[in-house]
Amino acid sequence: MAGEVTIDSGEKRLNELGYKQELRREMTLFKTLAISFSTMTLFTGITPLYGSSLRYTGPASLVWGWVVVSFFTWFVGFAMAEICSSFPTTGSLYFWAAHLAGPVWGPLASWCCAWLEAIGLIAGIGTQAFAGSQVLQSIILLCTGTNKGGGYLTPRWLFLLMYIGLTFIWAVLNTFALEVIAFLDLISMWWQVIGGTVIVIVLPLVAKTTQPASYVFTHFETAPEATGIRSSAYAAILSLLVSQYSLYGYDAAAHLTEETKGADKNGPIAILSSIGIITVFGWAYILALTFSIQDFSYLFDPSNETAGTFVPAQILFDAFHGRYGSSAGAVALLFVIWGSFFFGGLSITTSAARVVYALSRDRGVPLSSVWRRVHPRHRVPSNAVWLCAAACALLGLPILWINVVFTAITSIATIGWVGGYAVPIFARMVMREEDFSPGPFYLRRASRPVCLVAFLWICYTCTVFLLPTAYPISAGNFNYAPVALGACLGLIGLWWVLDARRWFKGPVRNIDDPQKDGGGDGVRNNGNKV
């Protein structure tokens, strides 16, 4: 019929859930996949924690730990893909929790999920800014003569300025049109795929010697004199932290479903494709680094060329300087890795702003009327972007005084981000099957077993990130995450008990037409699909 407008399947489902289309829906599957992949990132999870994980138990536990963590990550991915297919909204986890938990528990579930996710994402921006500054610190050191040649090691105040500077740049870029963000994330995907391929192939070829396969795949050694940890089992658990920190962030596709064409189909595809790509490339990256180690003990020596501050940088330096007598190649590859942090921070800022926007739209944040405003020209939640940037900057201020900032920020990011996954997955697991309104991606009978494994794995992951990472415990090595996260969640919980539970109802519909709303809860009423 002439003039008839075809409604996108994702927009139609959004209307059924009680929301009108406000954001521009122009993301293709490939662009959504690029943003999701950029949020997970190839280098940004592995690189900063590679050294500490290697020191706990040597190479074997690190290499095989990636395989184990990847296996369980697939359960989480499948569970989330099924839910995403049913609820293609920008609030993603927060919205899922509210509707899957039902009218009684929905408000509390969405409240907990939204705040966990917001905390995790904002801390996630901090992890990218900190690690990106760390790589930049190594680049500056190598370019000015190395630690042994009088090179410049950035002091704390300059490190903090680099941290805040990256956060500021990401916020500025996120205030531009959505096309700019999507274009940069598209570059990011190819940057990591091509750059990762180059590093994986070139590094072992450049290294004058490589470790034998028996060392990489079977060598296990603890370092109690350095870590204070004498239990091999405990050390092995800590060695898996690099993999558990790296293999999340695939929910980014869900945050953009209101801006993605055919989101009920393309959202799940983007989630699972991101996991598949990062699983393969991540393991290859770990193997390339490990095979290229020249001297294990020298990697951690404070007197080495990188001042013992960044093990991957030392591996790159040893390989290129040993072969060519120059650090130029190492600096070039470090720049590729730094670019990954830059693009990763940009993507996480995008996701964090979407979560804050969705929560503000439903009046779940103080001054919600401010943070839910959409830029009149660019149609992006610019105020939410700057709120996230400001919170991230404050999170980095302790850099001036303590040495364990990255440990705390990483733990907070992982527990908040991954912990947010647990709420809707648990709700999906315990709800009646006849109350679930499936989308095109549906696990059917496999849903409950998959959700159970995913939920237990998330609980385990959150627990290990609360553990001490060195002994004896002191002010210099104490993992402050339990205290910081406990205080934050305690205040949020107290707010709920004293006030928020009286007025917070979870996602608020912005479509009042009952013909479109159809009940708006995304479940079945009296056995009839809404």
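One-based numbering along the chain as shown.
Every residue, even glycine, has its Cβ placed from backbone N, Cα and C.
Bear in mind that TrEMBL entries carry predicted annotations, made automatically and left uncurated.
Taken from TrEMBL, the feature transmembrane segment applies to 29-51 (among others).
Counting residues 6+ beyond its ends, the transmembrane segment (63-81) has Cβ neighbours under 8 Å at 53, 216-217, 236, 239-240, 242-244, 247-248, 250-251, 254, 267-268, 271-272, 275, 279, 282-283, 286-287, 290, 421, 424-425, 428, 441, 443, 447, 450-451, 453-454, 457-458 in the same chain. What TrEMBL lists as transmembrane segment is 63-81 (among others).
The feature transmembrane segment is assigned by TrEMBL to 93-116 (among others).
The transmembrane segment feature in TrEMBL is assigned to 122-145 (among others).
Under the heading transmembrane segment, TrEMBL lists 157-183 (among others).
The transmembrane segment annotation in TrEMBL covers 189-207 (among others). When Cβ-Cβ distances below 8 Å are used as the criterion, the transmembrane segment (189-207) is approached by residues 33-34, 37-38, 41-43, 277, 281, 284-285, 287-289, 291-292, 294, 315-316, 318-320, 322-324, 329, 333, 336-337, 339-340, 343 of the same chain, each at least six residues removed from its ends.
The feature transmembrane segment is assigned by TrEMBL to 269-293 (among others).
The transmembrane segment annotation in TrEMBL covers 330-359 (among others).
Look at TrEMBL and you will find 380-402 (among others) tagged as transmembrane segment.
The feature transmembrane segment is assigned by TrEMBL to 408-430 (among others).
Residues or ranges marked as transmembrane segment by TrEMBL: 450-473 (among others).
What TrEMBL lists as transmembrane segment is 479-498 (among others).
Counting Cβ pairs under 8 Å to the transmembrane segment (93-116), the top-ranked stretch among 122-145, 330-359, 479-498 is 330-359.
When Cβ distances are compared across the two stretches, the transmembrane segment (122-145) makes no contact with the transmembrane segment (450-473), since fewer than 3 pairs at least 6 residues apart fall below 8 angstroms. For the transmembrane segment (330-359), the partner stretch with the most Cβ pairs below 8 Å, chosen from 380-402, 408-430, 450-473, is 380-402.
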